[in-house]
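> Handing you a structure now.
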Amino acid sequence: MRGFFIMNKPATDPSKQRQALRKNLRQQRKALEPNTQVEHALELEKQLCQSSLFKRSKHIAAYLAADGEIDPEFLIEKAWRSNKKIYLPILSPFNNRLYFVPYFKNSPMKLNRFNIAEPDVHPKHWLKAHQLDLILMPLVGFDKTGNRLGMGGGFYDRSLSFSLFRKKRYSPYLIGLAHELQLVDKLPHQPHDVPMIMVATEQQLHICK
Ligand SMILES: Nc1ncnc2c1ncn2[C@@H]1O[C@H](COP(=O)(O)OP(=O)(O)O)[C@@H](O)[C@H]1O
Ligand SMILES: [Mg+2]
């Protein structure tokens, strides 16, 4: 009888809840009109350029937007104009961690196993996350305390796990980029989740406590 109840767990399983939330938030961001996406990308650039963290960072990782993610393209251009160096993540097929390589307008690109474009750079030139000043991270959902819901692969968590053992929030500083609609009341925190210091949206900079 007891086994019966264990096998019929109610739908409060945290991993199922996370999956359902992911599905819902991804649908919402993908439903944004192309012109709304451009407006949000422009406003995001205005918001983040006010941040002293952005102003003083020289080596900055960003990403190429996919799946309705807010697009950092104007931020990338602004960074290039300000003589900052932009990096893109490369997903290592060897250990499922992210490495980072410089990105330029004319970088040769190739598709990874998730069909995401990455600069075509030999692994001996790949940098580790701790070599950067600032990492701008895409996300599916966030809360005001800096919890991040990603696509479910845990790739940023795995690559940044070293920062969980530090007493203070040194660089690389972790800033999430999102549409305001991706803000949720509370995300359940898992021990391996690496928190963000700030989330920038088209509306505001959320400083995480
Ligand atoms: N530091 C880590 N070391 C090993 N595996 C990890 C680490 N961080 C995350 N993972 C793996 O990644 C999976 C997905 O992580 P999760 O936080 O749920 O996804 P996401 O951050 O993409 O939303 C975890 O269930 C775990 O197996
Ligand atoms: Mg996580």
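Any Cβ shown, glycine's included, is placed from N, Cα and C.
As annotated by TrEMBL, ATP binding site applies to Arg18, Gln19, Ala20, Leu21, Arg22, Arg148, Leu149, Gly150, Met151, Gly152, Gly153, Gly154, Phe155, Tyr156. If you look up TrEMBL, you'll see Leu64, Glu69 marked as substrate binding site.
Looking at the shown structure, can you explain where the listed features end up?
Phe155 (ATP binding site) falls within a helix when secondary structure is assigned with DSSP.
Sequence-distant contacts of Glu69 (substrate binding site), defined by Cβ-Cβ distance under 8 angstroms and a gap of at least six in the same chain, are Arg29, Tyr63, Pro138, Leu177. A coil conformation is recorded for Glu69 (substrate binding site) in the three-state DSSP classification, outside any helix or strand.
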> What's the CA-CA gap between Phe155 (ATP binding site) and Leu64 (substrate binding site) in angstrom, rounded?
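Distance (Cα to Cα, whole Å): 16 Å.
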> Kindly point out which of the binding-site residues Ala20, Leu64, Met151, Gly153 have a C-beta less than 6 Å from some atom of ligand 1.
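What lies within reach of ligand 1, judged by Cβ under 6 Å, is Met151, Gly153.
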> Just to be sure I understand the packing, how many Cβ atoms besides its own are within 10 Å of the Cβ of Leu64 (substrate binding site)?
17
> Let me know the largest Cα to Cα distance in Å among the ATP-binding residues Arg18, Gln19, Ala20, Leu21, Arg22, Arg148, Leu149, Gly150, Met151, Gly152, Gly153, Gly154, Phe155, Tyr156, as an integer.
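The widest Cα-Cα gap among those binding residues is 21 Å.
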